[in-house]
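These notes are about the structure you will find just below.
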Amino acid sequence: MIFEEILNKVLKTNSLTENEILELLKTDKPQKLFAAADKVRKKNVGDEVHLRALIEFSNICKQNCLYCGLRRDNKKVDRYRLEPETIIDLAKKAKSYGYQTVVLQSGEDPYYTSDIMSQIISAIKKFDIAVTLSIGEKTFEEYKVYKDAGADRYLLRIETTDKDLYEKLDPQMSLENRKECIQNIKKLGYETGSGIIVGLPGQTLESIAKDILYLKSIPVDMAGIGPFILNPNTPLNDKVKSEKLKVELTANDQNNFELALKVMAILRLLMPDINIPATTAMETLNPDGRMIALQSGANVVMPNATEGEYRKLYELYPGKICVTDTPYKCRFCIESKINSIGRSISQGKGNSKSKEIL
Ligand code: SAM
Ligand code: SF4
């Protein structure tokens, strides 16, 4: 089938085969794909943009993902963890800036036991604000404790569904366990967020097409798609340079940016009413990255609400945006950018329309 036929099919049926997804990923007419996704976004989730205040509360991680600057073996990062009172205070400030959701994100840091997390979540819920967690792989019981404490949403990217690649890039982790965690999150009634990194060395377009179908099969309520950005303080740096890893997609920032937009747009066409963030990594690769993403299918932005030096220390990849800004500045800066493209900020909690729970 040719590009236009595939586009017409997905607009009518919200479904695509793996081969059809592959054709869309390969298209040299991405603007048509982005425009179609933008139309579907407008029709199904409207013009409002939901803001989520991102609190990066610890950069300590027991895992060792080869692509991530927070990995355990990276000695070139100063580690920090915020006290529960500080996290609660940041959430309170976020609410005062008009946020209706906080996203608590960290490395997999064992300091935050279920008890501690549950205290933090229940304290924050008193501010009448939705809580999203993005703190990695946990047991079913741990996910249940957080849910019982009031957590509304959980974000755990699958990263890639290519088993060999996953297990090469995430040593000591398994794709089966990652999938089971996502199932458990879904089972417990969280609004379930997942997603992938686009442009990982060794990743193929075929595997990305499978990733997209996986996200649809869950089905996720939120899909976060981030372009891969090479971190010089990770082992991937040497591997990419020495070409020991088979690099089918070049680790080229602008390729990764456009490909990530394509993945996001295809997900919008397949899942018209989910929430899709314009990710920070997109803006790192392109100064207008988040606004371009908002015009290619996205409807959510996650401005940084972490304070002071910690913004810089939470360094997954180089060139992270807004590291010297304050949460207050980011909140109002993003609002004016969003208004400048004719969109408005939602005043509600922004639950996924695919799962109206509150
Ligand atoms: N530790 C939790 C986890 O892994 O789910 C949450 C925090 S982790 C830093 C959040 C996301 O950062 C990961 O899911 C991964 O997709 C992304 N990430 C890490 N390193 C990256 C890189 N070099 N380029 C793009 N995204 C990256
Ligand atoms: Fe840790 Fe998450 Fe980074 Fe992996 S991606 S090293 S789990 S913070």
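Yeah, the Cβs are placed from backbone N, Cα and C, and that goes for glycine too.
Bear in mind that TrEMBL entries carry predicted annotations, made automatically and left uncurated.
For reference, TrEMBL has these:
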DOMAIN    47-262  domain 'Radical SAM core'
BINDING   Cys61, Cys65, Cys68  [4Fe-4S] cluster binding site
BINDING   Ser134  (3R)-3-methyl-D-ornithine binding site
BINDING   Glu159, Arg178  S-adenosyl-L-methionine binding site
Should we count any of the binding-site residues Cys61, Cys65, Cys68, Glu159, Arg178 as near ligand 2, judged by a CB under 6 A from one of its atoms, and which?
Cys61, Cys65, Cys68
Tell me the coarse DSSP state (helix, strand, coil) of Arg178 (S-adenosyl-L-methionine binding site).
helix
Nearest by CA distance to Cys68 ([4Fe-4S] cluster binding site): which of the binding-site residues is it, out of Ser134, Glu159, Arg178?
Glu159
Across the domain 'Radical SAM core' (47-262), what does the pLDDT come to on average, as a whole number?
94
List the Cα distance (Å, whole number) between Cys61 ([4Fe-4S] cluster binding site) and the residue listed as '(3R)-3-methyl-D-ornithine binding site'.
13
Measure from the Cβ of Cys61 ([4Fe-4S] cluster binding site) and count the other Cβ atoms within 10 Å, all protein chains considered.
22
In whole Å, note down how far the CA of Cys65 ([4Fe-4S] cluster binding site) lies from the CA of Ser134 ((3R)-3-methyl-D-ornithine binding site).
16
An 8 Å radius from the center of the Cys61, Cys65, Cys68 Cβ atoms defines the neighbourhood of the [4Fe-4S] cluster site; name the other residues of that chain inside it, in order.
Gln63, Asn64, Tyr67, Gly69, Leu70, Arg71, Arg72, Gly107, Leu316
Could you say whether, by DSSP, Ser134 ((3R)-3-methyl-D-ornithine binding site) belongs to a helix, a strand or a coil region?
strand
Could you state the whole-number distance in Å separating the C-alpha atoms of Arg178 (S-adenosyl-L-methionine binding site) and Cys65 ([4Fe-4S] cluster binding site)?
13
Roughly how many Å separate the Cα of Glu159 (S-adenosyl-L-methionine binding site) from that of Cys65 ([4Fe-4S] cluster binding site), to the nearest whole number?
11
